[in-house]
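Take a look at the structure below.
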Amino acid sequence: MTSNRSNLLFSLVLFHFLFVPTQLQALNTDGVLLLTFKYSILTDPLSVLRNWNYDDATPCLWTGVTCTELGKPNTPDMFRVTSLVLPNKHLLGSITPDLFSIPYLRILDLSSNFFNGSLPDSVFNATELQSISLGSNNLSGDLPKSVNSVTNLQLLNLSANAFTGEIPLNISLLKNLTVVSLSKNTFSGDIPSGFEAAQILDLSSNLLNGSLPKDLGGKSLHYLNLSHNKVLGEISPNFAEKFPANATVDLSFNNLTGPIPSSLSLLNQKAESFSGNQELCGKPLKILCSIPSTLSNPPNISETTSPAIAVKPRSTAPINPLTEKPNQTGKSKLKPSTIAAITVADIVGLAFIGLLVLYVYQVRKRRRYPESSKFSFFKFCLEKNEAKKSKPSTTEVTVPESPEAKTTCGSCIILTGGRYDETSTSESDVENQQTVQAFTRTDGGQLKQSSQTQLVTVDGETRLDLDTLLKASAYILGTTGTGIVYKAVLENGTAFAVRRIETESCAAAKPKEFEREVRAIAKLRHPNLVRIRGFCWGDDEKLLISDYVPNGSLLCFFTATKASSSSSSSSSLQNPLTFEARLKIARGMARGLSYINEKKQVHGNIKPNNILLNAENEPIITDLGLDRLMTPARESHTTGPTSSSPYQPPEWSTSLKPNPKWDVYSFGVILLELLTSKVFSVDHDIDQFSNLSDSAAEENGRFLRLIDGAIRSDVARHEDAAMACFRLGIECVSSLPQKRPSMKELVQVLEKICVLV
């Protein structure tokens, strides 16, 4: 019995020593090279590489790895790695040269990660490579020049990185390359000619200059995007002549000049494909090209000949002066007095018609727009005593402050299209009533209205006239550098929020411009967007009318929350918002912003005092499109975003055009503030908020220490949902715009989180 047990133990030990080396040897060269890549990864938050280790018999079962039977049966090289696909796995690290030493690697997809550094020179050494997708990372530096080895390459995606230098000419000479995307980098220099096999070629949003190459692309090209570069000069007539007629070509926002060639593929484009080129002309643009004059003197005409005689046709019949009667031709002519009378009558008739048309136009214009009217519409005098020194032509009326405005943070309820500074009129400044310099009164005591002043509604639903609005009770809600906001309560109890815009703050010089912008904003309708109802136009001031939202703004809530946390008692905030209510606010904000971005719009100035709360605590986004109604100079100093605002992304100071990822960043800051009652700062709080531990227990403990004490008990019951929200906020405030999710993705994630609560 003992002998049998000894033999069994020996067999087990022998098996261990024999089996383990054999197993290690079974990991072929491809697996070793992949492990070298794994060890270059600094962070793997989703643990996607957890099953990559030496103990496996083959790398073919590893996450993201695909193998194909290419070698001899029953040998370590029977299955070879042909594909490595790990997109959007939040991997941080560098791309090692050994990765491209895998001899049969055909597909490499590491897009939408956090890889940095430069591409190794060996990137194009894998002769079997057919697809390289490294887009949406943080790779930088120049591209390797030697690309002759990858003759089988069909797809190259390096978009949304930080590559510099020139695009190697060898890339454009690859015969099998059909899809190329190098957009959103900082490539410079000339656009290389070639890309004959390309079907999709996207070089947009770079710094490419020089002229358009004549032999770019070929008969297979279906999509060409060279927009947002610095390409200059005229478009060659030979450019795009090989393109199919249904190809999409985008040359917008360059420095192109001259006429657009008449090739069919260019004529079939929309005008937007050529916009942003100030000196470009011809179809499909509506800008006509100037034609140089080629007129010259008619032949055989003497310089002394009268022009009238010069163009008179010569008679071919001979004239006999003896048989011609002197007055024969004179009888067929009109008398000079008759000609003069006809001419005068024509001039008088045309003048009368012109005056009639002008009169009708002016009458219609006055009926539609109160251009010449000057009305003093709720000119607020916020000074307590100085307001009583008004002119005799006006009557002072005192109105009580809106009860809803008596909040901890003062008059911070805000209106659509309105930006309110955090320094709005406070309760101590108001003393329960505010002096309003009302309309000029008539002898009968009624409010005086100019006959030419009209109110224009833009939503197609509201029935409101200026008489009714003039009789409304007015409550001051707040003041900004561009005007005053008040709550107007009609006789039937309906309330509107009205913003008064001073003429010097208004960007529109004419009523039609103002109406066009207001109607464009009013067309955006969503449950989480405030509704614009109408406007008034006057020489001295303009009014913007919208729905009144009764529950204040997030600014009021945050201010009250911070006051409560700094106080020893909880009296400052008797009914704090629960975690479920805050999650509801975040979801509503995401829905509204996603709708805005889907309509190709950007809010660009999301912050707590632009998020209103209705009676059900649903968020209502305001301030959309106000930048189009305000002058840039005033807007940038009063209501626009400032470089010191924590709700603006880091790239705000260097970007000229708002981007949807601005809204994502602002949303992330507010989401973190909803969870922690602290304002995230990319300069000071990045370590505190985003440097999470590898240990799940330590990570959860760190999060619970950051959470707002008012909802800590709620979070304990919904810890997974709260942690998911916290991680989502961290992703939104990434310093790299391409790393932030889209608003549509945020809505999808928040909808799933809400199911857990």
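The backbone N, Cα and C atoms fix where each Cβ goes, glycine too.
Per Swiss-Prot, the features are as follows:
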type: REPEAT; residues: 152-174; note: repeat 'LRR 3'
type: REPEAT; residues: 199-219; note: repeat 'LRR 5'
type: REPEAT; residues: 245-267; note: repeat 'LRR 7'
type: MOD_RES; residues: Ser473; note: phosphoserine
type: MOD_RES; residues: Thr494; note: phosphothreonine
type: MOD_RES; residues: Ser553; note: phosphoserine
type: REGION; residues: 633-654; note: region 'Disordered'
type: MOD_RES; residues: Thr638; note: phosphothreonine
type: MOD_RES; residues: Thr639; note: phosphothreonine
Measuring Cα to Cα, how many Å separate Ser473 (phosphoserine) from Thr494 (phosphothreonine)?
11
Rounded Cα-Cα span from Ser553 (phosphoserine) to Thr494 (phosphothreonine), Å:
20
For the repeat 'LRR 5' (199-219), sequence-distant contacts whose Cβ falls under 8 Å of one of its Cβ atoms, 6 or more beyond its ends:
159, 167, 178-193, 225-236, 238-240, 242-244, 250-251, 256
For Ser473 (phosphoserine): DSSP state (helix, strand, coil):
strand
Suppose we draw a 10 Å sphere around the Cβ of Ser553 (phosphoserine). How many other Cβ atoms does it contain, all chains included?
26
Reported mean pLDDT - the repeat 'LRR 3' (152-174):
91
According to DSSP, which of helix, strand or coil covers Ser553 (phosphoserine)?
strand
